[in-house]
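Let me begin by presenting the structure, written as structure tokens, before commenting on it.
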């Protein structure tokens, strides 16, 4: 609360900026978006948003960041460091914000439910991403091969296939992977771990098997035959099915020879 006019603010930074109205102290304003800052250094950092400057680069994958703090958070992806642990179930996270979202599962805070399959999500942005599975929307396309993806992070992982970047190595078998998530999934082969619990029942699976299992509950069938429109929960079942159409089509080369 301001001691001069009793105006209240949600955080200390806004209060400090406001106090300069009374003291006459100089404020630093961004000439691009008119946002004001209490210190010149904060304005200089902010300006990088407009200039696109990213001077802090990850030496593992080459990704650039505007602030060194953002780079430090990013580096945890490569090191596997997860300093924020849930006191309820022991699950760990790289960022405090991710732990806070996770805690809502224990507190019973309202989750966001998909009206197509009944699966629930936290936060709402995860539900929005999930809905693309049902709409089959794939707005993110690879500029090299044209393959499309529902999620931007899936496109970024895919693009490493073209660039040959494989930063994540398994120390058990020396196999390398294009992302930390793929490495983590692979490591369960060595540990026998089944860390992913079904959101419908209490069974546990590896991530790939979990997705297949949950389709039993959701009745989701994302793999559709382009010949007859029949859908399947598992991709391998679609491949088996397409052989029916292959048999139905006569071999025109043999017919011409006859």
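Placed from the backbone N, Cα and C atoms, the Cβ positions cover glycine too.
Automatic prediction, not curation, is the source of TrEMBL annotations.
Over in TrEMBL, the protein carries these features:
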DOMAIN    1-27  domain 'C2H2-type'
DOMAIN    28-55  domain 'C2H2-type'
DOMAIN    56-83  domain 'C2H2-type'
DOMAIN    84-111  domain 'C2H2-type'
DOMAIN    112-139  domain 'C2H2-type'
DOMAIN    140-167  domain 'C2H2-type'
DOMAIN    168-195  domain 'C2H2-type'
DOMAIN    196-222  domain 'C2H2-type'
DOMAIN    223-250  domain 'C2H2-type'
Over the span of the domain 'C2H2-type' (28-55), count residues by DSSP class, listing helix, strand and coil in order.
-> 12 helix, 4 strand, 12 coil
Taking the domain 'C2H2-type' (196-222) as the first stretch and the domain 'C2H2-type' (28-55) as the second, find out whether 3 or more Cβ pairs fall under 8 Å, excluding pairs closer than 6 in sequence.
-> no
Quickly jot the same-chain residues contacting the domain 'C2H2-type' (84-111) by Cβ under 8 Å, restricted to those at least six beyond its ends, or write none.
-> 73, 76-77, 120-123
Checked against DSSP, the composition of the domain 'C2H2-type' (56-83) is 12 helix, 4 strand, 12 coil
Residue counts in helix (H, G, I), strand (E, B) and coil for the domain 'C2H2-type' (223-250), per DSSP?
-> 14 helix, 4 strand, 10 coil
DSSP puts the residues of the domain 'C2H2-type' (112-139) at 12 helix, 4 strand, 12 coil
Counting only residues 6+ away from its ends, which parts of the chain sit with a Cβ under 8 Å from the domain 'C2H2-type' (140-167)?
-> 60-61, 78, 129, 132-133, 176-179, 181-182
For the domain 'C2H2-type' (56-83), would you mind checking the mean pLDDT of the predicted model?
-> 81
